[in-house]
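Feature annotations, reproduced from Swiss-Prot:
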ACT_SITE  Ser517  active site, proton acceptor
BINDING   Asp81, Asp123, Lys124, Glu491  Mg(2+) binding site
BINDING   Cys122, Cys195  [2Fe-2S] cluster binding site
MOD_RES   Lys124  N6-carboxylysine
Amino acid sequence: MIPYRSRTSTHGRNMAGARGLWRATGMTDSDFGKPIIAVVNSFTQFVPGHVHLKDLGQLVAREIEAAGGVAKEFNTIAVDDGIAMGHDGMLYSLPSREIIADSVEYMVNAHCADAMVCISNCDKITPGMMMAAMRLDIPVVFVSGGPMEAGKVNIDGELRAVDLIDAMIEAANPDRTDAEVDEFEKNACPTCGSCSGMFTANSMNCLAEALGLALPGNGSTLATHADREALFRRAGRRIVELTKAYYEGGDTGVSARGIATKAAFENAITLDIAMGGSTNTILHLLAMAREGEVDFTLADIDRLSRVTPCLCKVAPAVQNVHMEDVHRAGGIFGILGELGRAGKLDTSVRTIHEDTMAEALSKWDIAVTNNPEVQELFLAAPGGVRTTQAFSQARRYKDLDTDREKGVIRSAKHAFSKDGGLAVLFGNIAEMGCVVKTAGVDDSILKFSGPAVICESQEEACERILKKRVKAGDVVIIRYEGPRGGPGMQEMLYPTSYLKAMQLGKECALITDGRFSGGTSGLSIGHVSPEAAEGGAIGLLHEGDIIEIDIPNRTINAKVSAEEFAKRRAEMDAKGAAAWKPVEERPRKVSRALKVYAAHVGNASLGAVRLDP
């Protein structure tokens, strides 16, 4: 038996004062022997993925208390990357992940909570909470707010499914009228929930299922659908069972690290590669593993990327497939089932809901189960009504998408490609690696060579693209945008969207030590490590240097000799205080908080986590 953490503050004569304070929160004598479970919410009216979470914490809390626990809710911050995009607000997005992780750790440890339910949804909130869970290593259940419904726009006589990225691209398209852009804007984000494609938020909530830390349906059941309520209720009941198993039964295998082992991380990245998830997920998985002392590195991701097929393509990789379509095809367990049959998963790992992944697949993979409740779950469809309310509709599809040859989810035999949707590249400008979402790269440019167009900020890149100073065949280099150099490792969604708008999406490459939105597609290579600000070779490139990209062979190099690089490095170092900084000072406000972040953060190959002093 493992002592309950909460008894530190609820038992013993010396804790009379603490108990007095607990009583002031509503606890009574009968509560002091029960587990105290933190309900970690992230409600905010700033973010559509979180606007509907206000009452859901108390929904979970009631289930916890009905099952024999004491629930205590608190909130953490949530940044909307789409609203923060394209201005200095984006400097705060990635650093907010560390603030979220710290705040959860601080609250849970300060109050000696025994376990937690994490109610997350959008880009940095899920990974931030997961980092905290890995630090704390207590029982945890993740339940997200769910995906947004895809928007619908009638363009050129055709009804198209659209999302936030379409609005951004069309706004920069000179061929679109103001009225057409307005139509995209008003319909791109029709409901509450995380943006509807396989962007970072949805990618992370899907990976939570593969890690074993979330219930089936977590990543794909729409925020608006009535079926999602059952996930929240079940999460509240299940955390009490896990907590008692851990403390009273001594089962350490149900803690966060007990579930999220190295094998589970490998399952998660295998899913990520198979579904062409956001490149940000690589950053977050590396960070989570580091916080949990799991030996999972970029080398593991590189190894698995070479042998994992691409089984699912979702927006932004393709136009008309969104999370609601993945759900109809069986959701994440539909993809995991195909990976399992292909021998690409370790099905012996535990999950929060079954003793092994094999058992979970037998129950939740629509290709093998006849359970009508499971089939009913994956028939949950979009309602098509603008709303900010959770569980506000109960519409259902007439049938499931079980076509594994040409459907949304493919079998390994009928894969979109034999190697998957994410790749790690190495070379003389990325000695510690960089990443690319291959699911969004046209086959014609998997090998690409062209002259470098050097930009020392995202703003400079946007200006050059919009002023048509980037032409077909160019390789746009955006540097000094890494975790330290930005600081904050901004997402480069606007430059990639503008390349598309200028009809250069299949004609140019973009390389950066920054990162990309989950909405990015095209030959967009990010996370270049080491970054320019720490002496990376990307900082030594000159305008016109020929850059060679070879995704099939996982290489990225500048046609610059080692001797020339050494000469350039010596010249850079000789600049003293001006070395490894943009040539011209950028009009960028860097607060004290961001300076502190920059002083301690590691590069992307390490997950951009803070390094120990």
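Every residue gets a Cβ built from N, Cα and C, even glycine.
Looking at Asp81 (Mg(2+) binding site) and Cys122 ([2Fe-2S] cluster binding site), their Cα atoms lie 9 Å from each other. Neighbours of the Mg(2+) site: apart from Asp81, Asp123, Lys124, Glu491, residues of the same chain with C-beta atoms within 8 angstroms of the site's C-beta centroid are Val79, Ala84, Ser93, Leu94, Cys122, Thr200, Ala201, Asn280, Ser517. Non-local neighbourhood of the residue listed as 'active site, proton acceptor': Asp81, Met85, Ile165, Phe199, Thr200, Ser278, Asn280, Glu491, Met492, Leu493, Thr496, each in the same chain, at least six residues away, with C-beta under 8 Å from its C-beta.
In this structure, the binding-site residues under consideration are Asp81, Asp123, Glu491, and the one with the smallest number of other Cβ atoms within 10 Å of its Cβ is Asp81.
Proximity of Cys195 ([2Fe-2S] cluster binding site) to non-local residues of its own chain (separation of 6 or more, Cβ distance below 8 Å) is seen for Pro48, Gly49, Gly82, Pro147, Met148, Asp163, Leu164, Cys189, Ala201, Asn202, Gly519, given in sequence order. Under DSSP, Asp81 (Mg(2+) binding site) is assigned to a helix (H, G or I) in the three-state scheme. A 10 Å cutoff on Cβ-Cβ distances gives Lys124 (Mg(2+) binding site) a total of 28 other Cβ atoms nearby, all chains included.
The number of other Cβ atoms within 10 Å of the Cβ belonging to Cys122 ([2Fe-2S] cluster binding site), over all protein chains shown, comes to 28.
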